[in-house]
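Student: Quick paste from Swiss-Prot:
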BINDING   34-41, 61-65, 80-83, 147-150, 179-181  GTP binding site
BINDING   Ser41, Thr63  Mg(2+) binding site
DOMAIN    26-200  domain 'EngB-type G'
Amino acid sequence: MKLKSIMSQCQFIIGATSIKSLPDFSIPEVALAGRSNVGKSSLINAITNNRKNARISSKPGCTRQINFYLINKGLMVLVDLPGYGYSKADRATVNSYICLMEYYLLNRKNLSKVVLLIDAKVGFKEIDLDFIRWLEVHQILYQLVLTKIDRVQSNVLDVIVSDIQNFNLNFIIYPIINVSSKCKQGIEELIYEIAQCIKK
């Protein structure tokens, strides 16, 4: 099966707002995580080649639920997690979806890995490192993706990658992928890495 065709059929299933509303799948899941406004929705639309699949907002913290997308009629599930960091939502709402996200990550047996997005324009921040440390503590596999690379020079990307590699990380999956949803750069490589969960 060609890489692009793997993600070509994408169907939104549900936006879970509580533990009880989390759907029960037995097929592999790959979750997208990252800071608020890191570009998760744009990336979903880029890898599925459909601008209408995920709603894009310029306001940070727009995603306040866990969105599930069925890929290729049941080949796998792509999961869009709420962004961490700044949000215009009240504290109770933020705490609610953070707890939901933590529950999902800790209890999802069919979760193959987390694709953690880092905004290349903003850089690698302490809040990103905190999330990585949390994943490490709980032994959750993750792969890093630098987004919006069309907005920065290549030497900036090198610095970010170098900073990340300075840490002793045991559950990271390499390579670190550079992508631009706008220019479609790195999208095919990312699809390939996501599709590895199907082969397991």
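The backbone N, Cα and C atoms fix where each Cβ goes, and this holds for glycine too.
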Student: Here the binding-site residues are Lys40, Lys148; which one has the lowest number of other Cβ atoms no more than 10 Å from its Cβ?
Tutor: Lys148
Student: Just to be sure I understand the packing, how many Cβ atoms besides its own are within 10 Å of the Cβ of Val179 (GTP binding site)?
Tutor: 26
Student: Which state, by DSSP, holds Gly34 (GTP binding site): helix, strand or coil?
Tutor: strand
